[in-house]
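J.: Below are the structure tokens for one structure; questions will follow.
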């Protein structure tokens, strides 16, 4: 596969590379596949480190003397920071390049977990959440990079495999974190290990075979040359079998200061985000909150409804997480069955999610809880992959970082709303949060039904906003 074109002059040799190395056509497919596998490892380590710490955060902040209300406010601060930072970080990654932005985000996230390992009071704990809340967009940037590397038809499969690799880390992390927390000062040890994992990830990103060629983006994508000008380069690369494009059309313009470029990118994206993409982001918000409500009181609800011990519930959560990881491998075959129509896959997975939330909310049998949780692990995994692919198809690959960043902002809004809605719903019944989630999923389904996108399933007639 050709990820771009060769360099066009000695003046471009000095600039730090922003794309993976590619060689001749016969060897480029192997080289590209290796690069993807390294990115999958980055995703695995990312969630492995995070999932060691996150389940222990509430327990630790309570042990520092915080009241439940203060602990809730501190916990919601992460979502607030993610909300206001994700769009800017996504835009910034489009401007400065994936490598630089990914390295900065990983290193500053490592700093946050290092501070967390030294937090002996609530103030230090809150301070430690700031760099993580602002810069923990490493998975989003990695997904944007993956979308740059592959064609639209291959993108759902590659994103599904990336989510699968990350999911394996999310399965193993809580087990390691739970074991370490039993030791003396176990939380601090876990936080320091998480910091070390992020530093290892930064080393992997630094050592990846990057070079200064364009990615698999349209011909209005921009790359920097050695004289700090930009030139649009058209690539016809695919993941396997495509020859390297030997010619490219070029024009030059002066690069503004980074913050000016970010503001210009935000201005250029404004009409697209709030016209062609409003329904896509609304669907993401509704389905995201629906699933968060399901998980928000899962342990407490099973204990109150079925007298299931938290340890047993933990096994069920690990079981469903493992199934969610396996579901990533099903994305490719399912999309082929649907002729790569991501929209219809998303619609049908959302319908299944809604029905399963209703079953979970109303059942009186623990066996039905296991059944609904099993299928939910598949439907939610497939839905997440398809909504990301739909965003990129409508928004365009030339602003993939910005589009994914806005999507993360929408998810951050969900992280703020879900705990509030869950608290109110739990005042009514332990079944309140998942019941409310089913209602929100139904609204999302109605929006999807009434606002079918005017483009084909393979994205060949992508919406554009001039």
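Here the Cβ of each residue, glycine as well, is placed from N, Cα and C on the backbone.
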J.: Between 294-314, 315-335, 378-398, which stretch does Swiss-Prot give the note transmembrane segment?
T.: 315-335
J.: Short question: most Cβ pairs under 8 Å with the transmembrane segment (315-335), which of 35-55, 64-84, 157-177, 351-371, 428-448?
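T.: Answer, by Cβ pair count: 157-177.
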J.: With contact taken as 3 or more Cβ pairs under 8 angstroms (pairs 6 or more apart in sequence), are the transmembrane segment (105-125) and the transmembrane segment (64-84) in contact?
T.: yes
J.: Under an 8 Å Cβ to Cβ limit, what residues of the same chain, 6 or more beyond the ends of the transmembrane segment (187-207), are close to it?
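T.: The answer is 38, 41-42, 45-46, 48-50, 52-53, 56, 59-60, 99, 102-103, 106-107, 109-111, 113-114, 116-118, 138, 176-177, 180-181.
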J.: For the transmembrane segment (35-55), which stretch among 157-177, 351-371, 428-448 has the most Cβ pairs under 8 A?
T.: 157-177
